[in-house]
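Engineer: Take this structure first; my questions come after.
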Amino acid sequence: MRFRRRAALLSFTLATTMATTLAGGGLVHGATPAPKTGEDAVTTPSQAEVRTAKVTLVTGDQVTVATRAGKTLAVNITPYHRSAAELRTYTVGTDVYVIPRDVEALVHNGQVDGRLFNVTQLIAQGYDDAHHASTPLIVRYASGAKDTAPGGARLTRKLPGVRGAAVSADKRKGAAFWEAVDDDSARAGTPKARLSGGVQRLWLDGKVKALLDRSVPQIGAPEAWKDGFDGTGVKVAVLDTGVDATHPDLADRIVESRSFVPGETVRDGHGHGTHVASTIVGSGAASGGKYRGVAPGAGLIVGKVLDDGGSGSESSIIDGMDWAAHSGAKVISMSLGGREGADGTDPMAMAVNELTAQTGVLFTIAAGNSGPAATSVGSPGAADAALTVGAVDSTDAVTDFSSRGPRGGNGGLKPEITAPGSRIVAARAAGTTMGTPVDGSYTTASGTSMATPHVAGAAAILAQRHPDWTPARLKSQLISTAKTTAATSVYAQGAGRVDVARALRQPVSASGTADFGLRDWDATAPVGKKIEYVNDGDQPVTLALKVENAGEELPAGVLSLGADSVTVPAHGTAAVDLTLNTAGVTTGSHGAHVTAVSADGRTAAVTAVGFGRDVQRFDVTLKVLDRDGKPTSGAAAVTAWQLDRFGLPETYPVAADGTVVVRVPRGEHAFISEIFHYNSDWSRLEEYTYAAQPGTVIDSDRTFTLDGAKAGPVTMTTSRPTETNRTRIGLNFQAVDGDRIYDRETWLDGETAVYSVPSQTANERFESRAGWSLGAPALDARLVGHGNRSLDAAYLEGWTGSARIDGTRVLRVAKAGEDVRGKLALVKRSAERTVREQADDAASAGALAILIYNDIPENWLAGNWGTTATKIPAMTLSGTQGEELAALGNPRIRISGTAVSPYSYELLKYRKGGIPADQRYRVRDQELATVDSSFHASTPATEGGYARLTRSPMQPTANFVFDRVVLPRSRTEYVSADVPTWEAVKAAPVWTSDGSWKVTNPSTLKAGQRVHRDWNKAVVRTALPDAQSNSAVRQGDVGVVASGGLLDTAPDQAFSAEAGSDKALSTVYRDGQLLGSIRSAPVAFPMTAQRAEYRVVTDVQRDAPGWTTSTEVRTDWRFHSERQEGLTLLPVLSVDYRLDVDQANSARPHSTTRIGLGVRYPKGLNGLKLAGAKLWASYDDGTNWRQVRLDGGLNGTIGNPANAGFVSLRVQATDADGNTIEQTVTRAYQIRR
């Protein structure tokens, strides 16, 4: 495949609610952890400090995200063998998605899991590159396809239950996997988008985390034991974190076990699995029988699918389910879940349904702990076949944490049953601390995790008595004999709390549920279901029937029974019609219970009834016309945002007649249309036209025309000659609730002509923006003679692209097969040779430059994605002009260009309310702010990156790509005035996502304002960022120091992001006692209430291409602190350096270098009284030191040696309270002739 030049959080939670504390560090949850010592005492804080993480997408593109306190600050994108213009960013609340434009249709039609592009949640799950070298995936194969791993991926386990497999896509192989599964013949923005390579669907193999003395009698288990039923002969499988097989309560209960966690045995190092297992089969031996399980006679099958950290993958769970179902288990208990609001169609839910049908096993699965919110039941509990369990307390009241229905997407009735799940005491695995330990043998925990094994045990008891019953029959018996609470919704309790004694003893049961699902608004015709009653007794039973309220009072006639009573014959069945009439019912989910009670009250069966009436929906017809007023001949799409609902927007391809019909619920919506005009081989986006219908209330069928004939150009003209390097178009909408922002940003190459349709209506919650990155024109090629006709030549794109011409050259054309020495080679695009190879061939033959013309009439965007530029200037040309040149023989061509632009423009225009009528902008330099930037580098021709980030008022995050800069250099930058602007610089080539980078705090410059900024200027060292709040703080008995990032001398630096080139180690002491070490920054550590001396020693080594100064920095901080109320800044000293060096961070031999020091506290802490400061210099990397005299202003002069080399510096400073810093910078600057 040739890359075309186009263009839920899966939060699995432990189904156990527990208080969260952070061991030894972190300013979170208002919790104050007990101080610890040892290696686990020093940690990385999860809040208050800037953290960065890089993630490689399944398409090979890389994204680095910087966050602080859970909020995304900046998103840096490193495209893989494509332009950044082919990627699009979406911000939905706190989630940031980066989606290639050619993948959007696949995400919309459900073939590709959108979670694969949710970069914030990929990082949150630990799928960033620091923790995973591959992306775990689940593929579903097309019917008849081979179950082998696609190219670029490794098969990790086969999953026949979902006609698929788990595969691992190697991030180091770039986009090899995506090339194998992407159907390149299906164009973006068309209805044909599809996967190939035998793959039908693709999901993230998401991470899953694991979600009794009074509770067992509460459900009637002792009564069942009295009747002689305790689960004996029945096997129950528990899929969890394993078990502690040495626990007395589980002795002789385990009949089979297996671990599905690589590198771990079945032993439970977490505690969750042991607690769950003992709730089912525990003997209570360690408590004298007090904490006995529900079915102590049952055999236990143990499948370890979650590791000792409580985490696992979807594929490991599916594999474990398959194994357990084929291992003789009658009941499988799963106290885990995720995908809040699941619709029951994901791989885990599919596996539950398939395995239930194949093997006859009953799955009892936790509903989840995301209550009391509606539609919060997770997967796999959302599966049709699952018996989904909510939690109640000791009074049978549903707990707040228990997840509620209805099921996401289709309004299905979940959960079906509840069980005790609050403060459950059960076995404690040795060496674990899960929950609240009671003693060495038991611990207390709460959650639907604890409720689920109660139902699993009840099912085992029932299966012992009725070994021939199907899963459906076991399920209906348990549900229909549950204890109902009238004041509680069926979407919280199902039929009620499990009653194992009634389920065992009562011969009569009913259909457990009558689920009508979600009914359309206009589907008002009555619809019916049958409730079936089964009597296993020897005598007929007559039951009085009644529709009972369940947490709400339904209008009369909504639910009606076909009879007031029913007689169920002995060993027979009977059915009664239940009719639903939704006319007059409000929208939303509703429910009731149908009760069936005998005259003596000894027999009672209940059916949980659920139904929903969908909101009123309307057809919105969008007519998308091109700039000629006709249906477009290009690719077109419409994106619909529902502004009173949260989630990714829906994107719909436009039909050939220029229309798309979108059915949307009543409410406020926004619609965006886009038209893409590519060249004929889809390698170059020629035109992009967009329109928006912002914030429109839809309360009837509507038709909107997004008329491209009204479109005008989106352009920027500047005082100096410029060409556009990149355009970015942003559209955002504020949600109806006023809190959340939906944002989409589209990046376009400079070659793409952009047009916009003015908004017809205004909405103050809508903002449009357009941004430009511009520089001096890089290339102008014209024929000499022949009318001096201009050529549409363009340099190769890519990370390094092409060597460039600086100035003007006149070259004679030589065609293929001719002598090209000293000439401009003219060759045709080849299918056998890459453009880089063609350029290298021409250079080897002596050509001074090369023009490669296309094999179709138009020009194209060709890329050189190597790590070095072509040896000679390499340019592309349209096929038409290439053939014309060849026909002219050997004409001469005048080529003018600017190799490195001495100036740049980073401009932003935005408007609140709508898309402006005229977006032809013109700015003068005096209307802008000016930044004179000096980029330092100790080695000539060092590759680096630079970005300037501008953000409009409603834009939630700043997204950016590093532009290549070759250092050292100077540049004048013109910036939009009165717009918040960040700057970022990277100490590594742009083609790698490694390398440290730093970002300034946002600054808003005024028109006419001029500032100077040095980047990478010596002395680069460890310091607390001068513009970052809370860089050294304590809260309670937890301290945090932002200790590891290397900063240069530029002011207002918000943070420095470590990457592969920087290695940091921080070691913390208290009163001389080692607390621990961590290879990360910032660092969090425990503190005591009493005053103590703390010492943080940070060593940072940098190994980056071209980086020869500040190769090692050691900073030794000592400071004193005692507990105070609230958040307290710590008196940690930083040293700022003023050093007189050139752009190479060097000084001349036999010269002197002036130096000045500044000592400061963290931002926000004032009143520094300096007691003293000393400075030393070394010329042999720190073997010998010479003191440098400082005056009262901390200024001094360093004498430089006669020979080339480096100067290292050491500083000691002390304040009046005895807080100190000692810093050693190896090779702080260089001596160079």
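Here the Cβ of each residue, glycine as well, is placed from N, Cα and C on the backbone.
TrEMBL annotations: computationally assigned, not manually curated.
Just lifted these from TrEMBL, have a look:
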type	residues	note
SIGNAL	1-23	signal peptide
DOMAIN	231-496	domain 'Peptidase S8/S53'
ACT_SITE	D240	active site, charge relay system
ACT_SITE	H272	active site, charge relay system
ACT_SITE	S449	active site, charge relay system
DOMAIN	815-885	domain 'PA'
Engineer: Please count the residues of the domain 'PA' (815-885) that DSSP assigns to helix (H, G, I), strand (E, B) and coil.
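Structural biologist: Per DSSP, the residues of the domain 'PA' (815-885) fall into 17 helix, 16 strand, 38 coil.
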Engineer: For the C-alpha pair, I'd like the distance in angstrom between S449 (active site, charge relay system) and D240 (active site, charge relay system), rounded off.
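Structural biologist: It is 10 Å, counting Cα to Cα.
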Engineer: What number of additional C-beta atoms lies within 10 angstroms of the C-beta atom of D240 (active site, charge relay system)?
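Structural biologist: Step by step: centre on the Cβ of D240 (active site, charge relay system), count other Cβ atoms within 10 Å, giving 33.
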Engineer: Round to a whole number and give the Cα-to-Cα distance in Å for the pair H272 (active site, charge relay system) and D240 (active site, charge relay system).
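Structural biologist: Spelling it out, the Cα of H272 (active site, charge relay system) and the Cα of D240 (active site, charge relay system) are 7 Å apart.
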Engineer: Along the domain 'Peptidase S8/S53' (231-496), what average pLDDT does this model show?
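Structural biologist: The predicted confidence over the domain 'Peptidase S8/S53' (231-496), as a mean pLDDT, is 95.
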Engineer: For the active-site residues H272, S449, which one has the sparsest Cβ surroundings, going by other Cβ atoms within 10 Å?
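Structural biologist: Ranked by other Cβ atoms within 10 Å, the active-site residues H272, S449 bottom out at H272.
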Engineer: Return one of helix, strand or coil for D240 (active site, charge relay system), based on DSSP.
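Structural biologist: Strand, per DSSP.
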